[in-house]
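Chemist: I have a structure here, written as C-alpha cells, and I will follow up with some questions on it.
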Amino acid sequence: MKLVVEVVEAHDLMPKDGEGSSSAFAEVDFGNQITRTRTVPKDLNPAWNEKISFFLDDDPEGTAADLSKRQIEVSVYHERKGFPGHGFLGRVRILGSNIVKQGEEIVHLFPLERKWFFSPVKGEIALKVYVSPEPKSPPPGSASAEKSKVSSNCGVAGSEEEKEPSTIVAQAPTPPKKEEKEEGEEEAEEVIKVETTHHINKQQVSSQPGKSVEQQTPATVPVVPVMAYQQVHFGQAQPSRAEEYKLKDTKPQLGERWPIGGGHVRGSGGGWMGLGTGDKFTSTYDLVEQMYYLYVRVVKAKDLPANPITGSCDPYVEAKLGNYKGTTRHYEKRMNPEWNQVFAFSKERIQSTVLEVFVKDKEMVTRDEYVGKVVFDLNEVPTRVPPDSPLAPQWYRLEDRRGEGFKVRGEIMLAVWIGTQADEAFPDAWHADAASVQGEGVYSIRSKVYVSPKLWYLRVNVIEAQDVEPNEKGRLPEVFVKAQVGNQVLKTKPCPMRPGLSPMWNEDLVFVAAEPFDEQLVLTVEDRVSATKDEVLGRAALPLTLFEKRLDHRPVHSRWFNLERFGFAVLEGNHRKELRFASRVHLRVCLEGAYHVMDESTMYISDTRPTARQLWKPPIGVLEVGILSAQGLMPMKAKDSRGTTDAYCVAKYGQKWVRTRTVVSSFSPKWNEQYTWEVYDPCTVITLGVFDNCHLGNSGGGNSNGAAAQAKDSRIGKVRIRLSTLEMDRIYTHSYPLIALQPSGVKKMGELQLAVRFTCLSLASVIYLYGHPLLPKMHYIHPFTVSQVDSLQYMLDVDSHMWSMRRSKANFFRIVSLFSGAVGACRWFDSVCRWQNPITTVLVHVLFVILLSYPELILPTVFLYMFMIGLRNYRWRPRYPPHMDTKLSWAEAIHPDELDEEFDTFPTSRPHDLVRMRYDRLRSVAGRIQTVAGDLATQGERTQSLLSWRDPRATALFIMFCLVAAVVLYVTPFRVVALVAGLYVLRHPRFRSKLPSVPSNFFKRLPSRIDSML
C-alpha cells in the first residue's frame, strides 16, 4: 500500500519576488519524509498536477492505529534566485484520520495557514489525499542513461509509469565530493525535471544552500482505514471553523473560455469520442462549464410487422449505450406509433462507441419480442450547438438482430446528435444518470422555469349595512362584517345598533388576490351574541372580476350589494334555508394595481415593481446566473442502508422562479445550467436554495412507505446575493458555503458554486434610481397600515418575526458595531483634550483656530475629509459578494438551550419546568431593557424640568443664567465666544479637576418623575 498526495494547484498566493509574482513549489512532509514538486515560475496561481507517494506497511491493523495519530504537512514556498533559503507562502496540516481510500478521493481546497503570527500568508491549495492498494516496491523498468546514473548513486532503481509520471519515488544522491559537487547537482536537477519528486528524511535535511541531501529508504507507515465521507468535506482537515464558513474563489472553465476544438481530445476522430473538429463552439451558456450529451430523439415508426401469434404489435423503443438504456412508453396494437421522446446520455458516463436503438414488441407473459434495430457509430454522430438549427430526424430501415446487414420490415424516424446543456431538448430529455427514477418521479427531476402568479391588493372598504334584523327580537345586536378571500379572513369592529339607525363601520380590509381571480369575496354580516357565539344575519358571494382595477389614487364609486337573509324555517325535500328578508351592504371595492404586493421581506426584496404592467419602466440591466455545482453535500435520507442526497437548486428573483434538474444519488452534483433575469432595480436580492428531492418514489431513494408524493423536500441551504454589491460586467465565480442552523447547532451542509454577472444596460438609469423611493409612489402617498398588510406571510423566512435570543444578541452587537466609530472618535477627542499626545493636541488647536477664522471652510473640510476616507477605503474594498456570516448571526457561540428555544413551536410544546426557566430568563433580560428605558426617560424629564419650575431654585438659576448668556453673546462676537469655549475644552490637564463639571452636577440634581412611580 502507499499513501498518495496529489498536489493539484494553488490560488491567489502572496507575491514574494518584488515584481508582483512568485515562483512557487510545494513541499510535502509525512513521517519525517520531505518531498517537493517542481517550481512553477512567475505565477500566483500555479498548477502542478503531481502525485507524491509514500509507501506504507501492509498490515491494516497497524496502519489504522498509527496513521490516525499522524499528520501530513504541505508547505508552499517561493524559490529565490541568487539568494539562499526560500520564501514561506503558507502551509496546510491534514490529520491522518481524514484520509480515504482510492476511488473516494476528491479535490479539496485548503486555505493556507501561517507558520508565525506575523507571516504574510493568503491563498488556497487544492489537494487529493488517499491510500492506494499498490505493491510496496515499485516495479522495475527500463530507464534512460541519466536515470540509471542517478539510480546507481542512490542504490534504488526507479521507473516511470506510463500514465502517471508523477508517482515515481526517486532517491536523491548521496553527498558528492567537492570535485563532483557540480556534476551531481546537475544530475539531480535533471532527475527532478523528469520524475518531479524526491523523498528526503527530515532529520537529514541540509541547512546550507547548494548542498545535496543524503537519502534513505522511506520509513514504513501503517495503512489508513477507510474514512467516513463527511469527514473530508466538513472541516475536519481544515485549520479552523471560521475558514470553513468563508467564501471561496474558484476558477471554473466557463463556456466562453473553452479552447478551440471543444476541449480535451480523446480520440483521433472528430466526432463524439474526439470532439476535435477545429470549430469553436458558440453558445449563450457562457457562465457554465460545457457538458456534452448524446441526444437521441425517437419520433415515430411505420410499417412494423405484426406478431405471428397475436396478430398485432405493442411496440416500444429501447435506446442502449453501454450499460445505460432508456425505453419509451409502449402502445397497444399500433403498427405506426408516435413517441416523440428524447434521451440524453452524458459524455462522462459513456462506456461504448456504439449506440443501439431497438424496436421491441411488448409481451405480457413471455419475453418481449425483438422487431429490429438501428446502430450508430459515435465517431460519426454530428455535433450541434445552439443557435444552430435543430437536427431534422430521418427515416432508418430496421436491421436484423444479428447485425449482419439483413433488413427487416419497418422503419423508424430518429435524430441523433451531440449537444450541450444549452440544447432545447435538454430540459425535457430522459437522462441516463437518473435511470433509477421511474413513474411520476421522472417529472419531478426535470429542470423548470415558471413565473409566480401576479398578485393584487384587494381593498374592501366596508361603509354600512341596511335593513339588518337580528334573529332574536327585542335585543339590540352588535353587528360586524366578516370578509373572506380564499384562506384570508378579516373582520370589522363590532358596531352596536341603535333603534332606527343602520350600523356603520367605514373600515378598510386589505386582501391579496392572484390572477386569474378564480376566488370569490365572501361577505357575511354577523351578530355577536356572546363571546363564543356569532350568528349569521346575511351573506353575499361576489366574484373578484366584478370589481374595477385602479392604477392611481382616484376615488372609486361605492356600490350596494344585496345579502341573503337566513331564517329558521327549513323546506322539507330540498333542505334549503328560507329567504325571509333581503338586507344589503354598502361597499367600495377595487383591485389596487399601483402597489407592490409585499410577498417578501423588504430587507431582501427581489422586485419592487407595481402590479400593473402599464406602470412598469424599462429594465436597467440583466442578471445572469450560472448554477455550476455543489460540493460536499450532507446525506439527507437513507437508501439501501446508506446515506444519499438527490439535490436540485432553486433560484428566485422577481416573479421568475427557476429550478435545476435533480442529480440523483450524488454528494457533488453538477448542474451547469444558466438562467437570465431582467433587472429593474439594482438594490434587490436574488435568493438561491439547494433542496433534497423527496418525490422520486421508492426506486429513486424516496420514502419507503410509499408516501413520497406527500413528502416535503428538505432544504439543505440557501444563498442570498445583493445586486448592488456586484460590479457591473464582471463575472463572479465563487463557492458559497451552505450553512444551516439546526437544533444541534450551526452546520455546514456543503458548498454551492455559482457564476454571476450583472450587466448594466443604462448607467444613467441606475444613477437615477438611487435618488428615488424603493417602492412605488402609492406606498408613500396612500400607505397601508401595518395591521392591514400583517395578514400576508412572507414566502421566504416566514419565522423571521418570531422571538430568538440569538437574533436579539446579533442585533444588539450590530448596534454596538454601528456606534463603535462614534465611540472611537469620542475617545480620541478625549485623549486630545487630556494632552496624551501633545503634537496631536497642538495640531488640533491650529486646525480649530483656522476653521474659526474662516468658518466658510468648515463644510468643505468635512466633505473633503469624507472624500479622502472613501478613496483610502477603496483599496480595502470588498472583493467578494457578501454571504451568510455565522459570526455576525451569533450562531457559533449560542447556548444549546437558547437554540432549542428558537426551534420551539408557537405556542410552545416544551415541558412546563423548561418554559418557566426560559420565562424567568426572559424576565431578567427585559428587566435590563426596562432599566435602560427608565434611565433614558429620566434624562429627558430632567431636561424638561429646567423650565417647568418643578424645582423652583434650579429653574430660577437656569433662567438667570440664560439672561446673562443672552447679554454676553449679544455684546461679544461669536468668534470670540467660540474661541474661548474651544480653548476651555482643550485646556491642559494641569488646569482640570478630577471632580465632575458644574453643568454636570447641576443637571444631575434636577428632578424627574421617577419618584412618582409606584
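Note: Cβ is positioned from N, Cα and C throughout, glycine not excepted.
Residues or ranges marked as domain 'C2' in TrEMBL: 1-110, 275-396, 437-561, 604-736. The region 'Disordered' annotation in TrEMBL covers 132-189. Annotated transmembrane segment per TrEMBL: 754-771, 812-830, 842-867, 956-986, in sequence order.
Could you place the listed features in the three-dimensional structure?
Modeler: Summed and averaged per residue, pLDDT over the domain 'C2' (275-396) gives 83.
Non-local neighbours of the transmembrane segment (812-830) in the same chain are 888, 890; each lies 6+ residues outside the stretch with a CB under 8 Å from one of its CB atoms.
Packing against the transmembrane segment (842-867) from elsewhere in the chain are residues 832, 975, 978-979, 982-983, 986: each is 6 or more residues past its ends and has a CB under 8 Å from a CB in it.
If one looks beyond the transmembrane segment (956-986) by at least 6 residues along the same chain, the residues whose Cβ comes under 8 Å of a Cβ in the stretch are 832-833, 841, 844-845, 848-849, 852-853, 855, 946-947, 1002.
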Chemist: Please indicate, using numbers and ranges, the residues of the same chain that are 6 or more beyond the transmembrane segment (754-771) and have a C-beta under 8 Å from a C-beta there.
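Modeler: Residues 252, 254, 287-288, 618-628, 679, 681-683, 688, 719, 721, 723, 726-736, 881.
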Chemist: Go ahead and report the DSSP secondary structure tallies for the domain 'C2' (1-110): helix first, then strand, then coil.
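Modeler: Tallying H, G and I as helix, E and B as strand, the rest coil: 11 helix, 56 strand, 43 coil.
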